[in-house]
Ligand SMILES: NC(=O)c1ccc[n+]([C@@H]2O[C@H](COP(=O)([O-])OP(=O)(O)OC[C@H]3O[C@@H](n4cnc5c(N)ncnc54)[C@H](O)[C@@H]3O)[C@@H](O)[C@H]2O)c1
Ligand SMILES: O=C(O)C(=O)C[C@@H](O)[C@H](O)[C@H](O)COP(=O)(O)O
Ligand SMILES: [Zn+2]
């Protein structure tokens with residue numbers, strides 16, 4: 001299948017390409033040699049994890065070396081726990097030990113964990129060096145590799161320390177998806193479903209019609225779902241790079257409860273996408289009370305998530321603990337938790353909700369488990 005290119009054009013930033021296709025990894029070195037920010041880098045550092053390294057590190061290195069780059073690698077433990085201040089510290093030290101200077105660059109080879117961590121260390125090492133995203137999970141291809149949110153978790157919550165730093169290039173090689181297991185496949189589908197609900201009837205009903213094909217990983221449907229999600233995200237980020245104009249928060253649909261689930265269940269217990277899907281169900285039910293979310297939407301979204309292999313979680317935590325965890329969310333203002341809620345497919349609001357209303361919904365949520 002021919003590769004698709006989406007250009008991410010954010011005011012004040014150098015535009016960058018997201019290349020999506022099945023031979024993109026082989027062409028990585030050639031692509032970087034055409035990229036002014038990276039072409040002359042004397043040394044590239046590939047950051048990857050212990051699951052991805054045995055699968056794709058050799059191919060990535062080979063492509064970069066053939067193109068003439070000097071390449072080193074750092075392999076971090078696979079899983080959400082690597083998105084930590086401690087691991088970031090180890091990577092900074094490794095970068096210094098390798099003698100990386102400001103003209104060097106970081107290549108993130110992996111899922112959203114590696115991408116967020118690599119972006120964070122690249123944006124802070126020597127006050128910032130370029131980085132490239134080579135996403136290898138569906139989630140990373142459709143969401144985390146684009147838009148420049150980087151960061152690490154604290155015990156208190158997800159992504160509580162981070163930066164905005166756009167990658168210089170995103171190479172989404174769809175062949176790498178062949179080795180993803182079902183949990184991680186469904187995880188990526190959740191962020192696609194999120195994008196579809198927020199974007200439009202057109203995207204949402206396309207997803208409804210293609211949910212089975214997504215689960216079956218039909219090549220053409222997968223490629224289209226990735227491209228649609230990237231185009232959606234690129235447009236949102238172009239309108240509001242730093243989440244300060246009341247636009248980018250839409251990408252946080254499902255994340256208020258989702259992040260609390262991830263933190264309280266223990267990072268990595270549930271995939272990010274499974275937690276976000278749970279959060280989308282919760283936010284839509286809350287929305288029915290607060291912003292008049294139509295019951296048909298709540299139901300259709302539930303059907304889509306079920307169809308994508310994202311059933312409601314058989315897990316809960318006490319309502320008060322969930323509320324306390326949600327209060328640590330970045331969207332909290334003046335002590336009030338805010339939720340992205342769909343007023344309809346393609347129409348959303350970010351609304352502060354009183355604790356009493358949240359607790360009532362959390363108790364119903366807890367009782368449903
Ligand atoms: N920056 C953003 O805009 C943004 C957006 C969405 C999510 N995120 C973050 O991304 C993270 C989740 O990313 P994720 O779901 O990719 O998780 P992940 O990076 O932990 O990857 C999931 C698992 O799949 C493995 N893996 C990766 N690629 C593989 C492949 N091709 N074949 C087999 N195994 C592979 C990994 O080793 C890991 O065990 C969370 O920390 C979330 O907060 C960030
Ligand atoms: O890119 C964004 O903006 C997002 O919010 C995308 C989310 O899917 C992603 O999980 C992001 O990491 C959440 O960031 P946070 O700053 O709300 O923690
Ligand atoms: Zn997310």
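Placement of Cβ uses the backbone N, Cα and C atoms for every residue, glycine included.
Feature annotations, courtesy of TrEMBL:
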DOMAIN    74-185  domain '3-dehydroquinate synthase N-terminal'
BINDING   112, 113, 114, 115, 116, 136, 137, 149, 158, 176, 177, 178, 179  NAD(+) binding site
DOMAIN    188-332  domain '3-dehydroquinate synthase C-terminal'
BINDING   191, 255, 272  Zn(2+) binding site
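Feature map: annotations from TrEMBL on the structure.
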residue	record	DSSP class
112	NAD(+) binding site	helix
137	NAD(+) binding site	coil
158	NAD(+) binding site	strand
177	NAD(+) binding site	helix
191	Zn(2+) binding site	helix
255	Zn(2+) binding site	helix
272	Zn(2+) binding site	helix
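When the domain '3-dehydroquinate synthase N-terminal' (74-185) is classified with DSSP, helix, strand and coil residues number 49 helix, 33 strand, 30 coil.
Of the recorded residues, residue 179 (NAD(+) binding site) and residue 191 (Zn(2+) binding site) place their C-alpha atoms 19 Å from one another. Ranked by CA distance from residue 114 (NAD(+) binding site), the binding-site residues 191, 255, 272 have 272 at the top as the closest. Each residue contributes its Cα atom, and for residue 116 (NAD(+) binding site) and residue 272 (Zn(2+) binding site) those atoms are 13 Å apart. Using Cα positions, the member of the binding-site residues 112, 137, 158, 177 nearest to residue 255 (Zn(2+) binding site) is identified as 158.
Local packing around the Cβ, expressed as the count of other Cβ atoms within 10 angstroms, is greatest for 114 among the binding-site residues 114, 177. Residues belonging to the domain '3-dehydroquinate synthase C-terminal' (188-332) score a mean pLDDT of 97 in the model. Distance between Cα atoms for residue 112 (NAD(+) binding site) and residue 272 (Zn(2+) binding site): 9 Å, as a whole number.
When the Cα atoms are compared, residue 272 (Zn(2+) binding site) and residue 177 (NAD(+) binding site) turn out to be 17 Å apart. A sphere of 10 angstroms centred on the C-beta of residue 255 (Zn(2+) binding site) encloses 26 other C-beta atoms. Geometry remark: residue 158 (NAD(+) binding site) versus residue 191 (Zn(2+) binding site), CA distance 16 Å. Within its own chain, residue 191 (Zn(2+) binding site) has 139, 142, 143, 229, 273, 276 as residues 6 or more apart in sequence whose C-beta sits under 8 angstroms from its own. When Cβ atoms from all protein chains are considered, those within 10 Å of residue 272 (Zn(2+) binding site) total 28, not counting its own.
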